[in-house]
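Student: My questions all concern the structure below.
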Amino acid sequence: PDVIDGRTFTSTVVDLNPWVEYEFRVVATNKIGGGEPSLPSEKVRTEEAVPEIPPSEVSGGGGSRSELVITWDPVPEELQNGEGFGYVVAFRPSGTTTWIQTVVTSPDTPRYVFRNESILPFSPYEVKVGVYNNKGEGPFSAVATVYPNLLSHVDFPTEPSTAPSGVSATSLSSSSIQVSWTAIPWKMSNGRLLGYEVSLW
């Protein structure tokens, strides 16, 4: 808060996070400057509220055959806004309209694995992860596209027999570079080519 008049002995502190413990100290000031701070107050916890921040970095992919792996960065405790915090994981095959939802009750869990024989390698899924606590449900993250397990020995007799050629890179900005390459000839891919993996160091 702003500096308080010397004849006032209370102040309301605003813009605090819900369900977080705070301590307070007070310093007396005059024209010369500030004195020593007081001893800390007892810890005081703000009231609970519906969570407002969804998890970040929602992504996934890989996993074993017939698995859809969804990952995210867990929400820090100071942003969970109350007890009973957890995640609502929603996903659907790209191009469909109905979301499949499940609940992950641990606030520290960073992933969920959906297993089903109907999942095909490299078939895109739309995923999003929401939050909830004892006060209610909060927002969902932005929708991300996740690709299940790309390759297994059942899908192809062997891996592609050659590497992409003509790899080049062009700087686009202070934080991005465009990478280009020549496609692998069909006869060298040993089956349906699912995609490319770009590495950097």
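Counting begins at 1 with the first residue displayed.
Any Cβ shown, glycine's included, is placed from N, Cα and C.
Remember, TrEMBL labels are computer predictions, not curated facts.
In case it helps, TrEMBL gives these features for our protein:
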- 1-49: domain 'Fibronectin type-III' (DOMAIN)
- 54-151: domain 'Fibronectin type-III' (DOMAIN)
- 163-201: domain 'Fibronectin type-III' (DOMAIN)
- 35-65: region 'Disordered' (REGION)
Student: What counts of helix, strand and coil residues does DSSP assign across the domain 'Fibronectin type-III' (163-201)?
Tutor: 3 helix, 13 strand, 23 coil
Student: Mind checking how the region 'Disordered' (35-65) divides into helix, strand and coil residues in DSSP?
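Tutor: When I sort the residues of the region 'Disordered' (35-65) into the three classes, I find 0 helix, 8 strand, 23 coil.
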Student: Pop the mean pLDDT for the domain 'Fibronectin type-III' (163-201) in here, whole number is fine.
Tutor: 83
